[in-house]
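What TrEMBL records for this protein:
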DOMAIN    1-151  domain 'Tyrosine-protein phosphatase'
DOMAIN    84-156  domain 'Tyrosine specific protein phosphatases'
Amino acid sequence: MLTRLVDNYRMVKCGDYFQAEDGPREFGNISVVSKWTKSTDTALVLSHLEVNHRDLEDTPSSVLHIQYPEWPDHGVPKDTSAVREIFKRLYHLPPNLGPIVVHCSAGIGRTGTYCTIHNTIQRILAGDMSALDIANTVAVFRSQRIGMVQTQGLWLRSGWALGINPKQAGAYSL
């Protein structure tokens with residue numbers, strides 16, 4: 001989760017589906033229980049959630065919820081340490097654990113930047129060096145979701161987080 005629940009102007013950016021400290025949060029047939037929450041040195045908030053579907057007799061699903069509330073809306077983080085910590089934590093999870101769900105408030109700026117970085121890293125690890133063409137990666141994402149990676153700063157941050165210069169890695173345009 002790459003957003004705060006409420007921004008500095010007291011505008012709601014995301015519904016609170018995970019912070020219940022007084023019992024489960026109910027969403028129809030689904031309940032979410034927060035088991036623990038802790039903050040990291042890089043401003044991440046980690047929570048262990050248990051999600052249960054009342055109509056199924058399965059055991060609850062464990063969810064590692066990672067929130068990065070300091071990533072500014074329509075802006076870029078001051079440094080990449082928190083984003084890099086997210087990737088380090090995900091890298092050590094078992095691959096069969098389940099899907100990764102990423103969201104911010106609108107689902108295109110911070111989410112698009114994160115998905116660009118994640119996709120690029122995964123492709124490079126698989127040996128696909130064409131992934132260094134960040135402009136092409138963003139173009140592919142935009143063909144699927146208009147507006148992904150909204151600003152030039154976010155686009156440049158994608159490359160910076162990867163340790164490359166996006167100006168040199170592909171066509172320089174938004």
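Positions of Cβ are set from backbone N, Cα and C atoms, glycine also.
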Integer mean pLDDT for the domain 'Tyrosine specific protein phosphatases' (84-156): 85
DSSP-derived helix, strand and coil totals, residue by residue, for the domain 'Tyrosine specific protein phosphatases' (84-156): 47 helix, 0 strand, 26 coil
